[in-house]
Structure formats: C-alpha cells, structure tokens
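Trainee: One structure coming up, written as structure tokens, with questions to follow.
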Amino acid sequence: MSTAVNLEETTVNGGFHFPPATPLLLESQLSETSEQHPSSLEPDYESICWGCGLRLILPSNAPVFKCGWCGAITKQDECKSEQKTLGWRRLRDRCFVVILLIFMVFVICGGVWAVYPVLFSVGYLCGLFHCTLAFVLGIFTLSTFSLAAFCNPGTPLQIVWGSYPAVRKDELRDYTFCHYCSQPKSPRTHHCRSCGMCVLDMDHHCPFIGNCVGAANHRYFISFLIIAVISVAYVALMSAYAILHISPSLGETTVGQMHRVGNKLAVMSILKDVFIAFLTSAIFFSTRGIVLLYLFVSSISVGIGLSILLWQQLYFIYEGRTYLSSLSSRAKAERDCRNLYLFFGCPYIRTLYFRACNSEKIHRK
C-alpha cells in the first residue's frame, strides 16, 4: 500500500502555489515488480481522497493508497457488485426465524402437555414448582431470542468526512469506504451482505436469528445461548423422568442396574441393558410417550449444538476477538479473564434487557 502526497492549493495574488509547510507523507511502498524494474514505472497521477477531499499525487501502479492527512485508505480496484441474492438471503433468514420460533413454542407447549401431568401426579407442590420454573425459562428464552433477532446489531458512529476543513489530521486513520452504504467504514466495522448494512464489531451473521451479531446485540445473543442450553437440559431431564415414570418396565430395569455403577467395567453393559429396555418399551408408547421421546432426543441434539456454539463464543470473548477478526492472521488479541468480566460486568447487567441500542463493544480486539 502506498502513501500518497497531499496537495493543498492556496491562492496568492491571483495565482496558485503549494505551500512549503504542507505536511507530507510518510513512507511510500512500491510494488516488488516496480522495484525490480524502475524503468517500467509510469508517470505519477492525481486522485481525490474520499476522506478529506484533498488532491493526491499517486504512483500509477498503486491500487491501494493511504492519505497522508486524514489517514483514509482507498482501494481503487474495489467496486460495488450487484446484490442479487439479498432478497433470497433475507427470505431464508425469515424462514429460519419462523422455524426456530415454532420449535421453541412446540417444546414449551409439548413439554407442559406431556410432562406436567406426570409431575402433578407426584405432588401438587412439585408440579407447581416445575410449572413456575418452566414459565421463567420460557420467558427468558423467548425474550433474549427476540432481542438478539430484532435489535439493531450495531450502527457505526457517524463521522464527518469528504471536506478538508472539517476533517482533522488522522481523523480517518485506517478507515475504508463502503461502496454499498456510501459511507466511511472503520477497521472495527464490516459490511454484511445478508443484512445489507455495515455492522460495528460484527462477529458473524446468524441465519437462525435472521440478524448479525454485533456490538449492540452480542450480549443478547450470548444470553440467549446460555438460557437456551439451560432450558434444553431441563427439558431433557424432565422428559427422561416422565418416560421412566410412565414406563414401569424401563424404570425397573434402570433402577435394577444402579447397584452396578461402581464397577467401571459394567458401564457399557448397563447402557446396553437400559437401551434395549428403552427400545422394547418404546414400541408400546402412547402419544404422550412419543412426544416425550421426541422432546428428549431433540433437546439432547439441540443442546449439544448450542453448547459448542456457546463455548466458541465465550472463547472468542476471552481472547478479546470476534469470529471475523479471528479469521485474520493480522488480528492481535489479548487473552484475559477481564474480557469476560467486562463483557458480563456489573455496569451492564441492568442494561441487558432495557438497552437495545448500545453500540459500544466492551472486550478489546
């Protein structure tokens, strides 16, 4: 990348000249080919910096250059491509969101219908306690999902650009220009072609929430993952308990094998006996039993996937990076537990559900 020379014109006695005090530019890096063949260099030419509006003297073979005044980076070969698939991507995201909402509602309603008659048969207080717990988990799961899916992921801060008197020295350092949004793009900002917008501290675009995960909704997304993992674990546990309760033969087989748990060599044999008894009982399951079986299997499957995603997200936060920044070999990160504390810290707990437009990223990149 070459550093261009700024030419600021001033008027003296009706003429133009370039003031000798004009600060100009740092080092210039020519391409390897040009260094090997200096005779092949073409004459320099002028261009306009999009950041401050000053005229620049550039090598003719410089596809990328940096303004010596405002620090903005211009990529001359970069052009706006047609976003032909934007509509289909948005439709795909909406379908994923609808499917996920239907699944969550089915798990909640199916669990209440299939599990809680069993729990109330054990005891009224037991059933009441688990109904309250399920209601709280359901509200938290749906609310965090809605916040992550429907909140703005993070709009870049507005900054003055395009006019030399208004743009100060190094005010646009390392900024590039987004041809899709027609506005400056900071190093912490990425353009999402699925959302059709620039997102501050973009981590990734998640089709299951139909939204980007960025500075403003990253905490909501992590909160949703945590609550969802807890919820599916609870559903799996309650479904397994209800299956054992409505299937006496399976329950007797499981209890009868418990005394052998102390022998490590017998673990596989225990699992085999329980699995065979489970398959035998499943043949005679009622509609309630089939729903319980579906809830158990789906909760285990979804829980494994969500746990892996949650671990990955927490690891990136611990490293002080996002998923996109981790793909860049130039990304510098500081591993520190304080990154986790700052991300989930006390100053932000009370804003978890009431600030949907917070656009600052807390953990360092």
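The backbone N, Cα and C atoms fix where each Cβ goes, glycine too.
Since the structure is predicted, the reported quantities are computational estimates derived from the model, not experimental observations.
Reproduced below are the annotations present in TrEMBL:
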- 95-116: transmembrane segment (TRANSMEM)
- 122-140: transmembrane segment (TRANSMEM)
- 175-324: domain 'Palmitoyltransferase DHHC' (DOMAIN)
- 220-244: transmembrane segment (TRANSMEM)
- 265-285: transmembrane segment (TRANSMEM)
- 291-311: transmembrane segment (TRANSMEM)
Trainee: Could you please provide the mean pLDDT value for the domain 'Palmitoyltransferase DHHC' (175-324)?
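Mentor: The answer is 80, the mean pLDDT of the model over that range.
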Trainee: Mind checking which residues of the chain, 6+ beyond the ends of the transmembrane segment (220-244), have their Cβ under 8 Å from one of its Cβ atoms?
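Mentor: Residues 107, 111, 114-115, 118-119, 130, 133-134, 137-138, 140-141, 144-145, 147-148, 151, 203, 206, 209, 213, 250-251, 254, 289, 292-293, 295-296, 299-300, 302-303, 306-307, 309-310, 313-314, 317, 343, 352 contact the transmembrane segment (220-244) from elsewhere in the chain.
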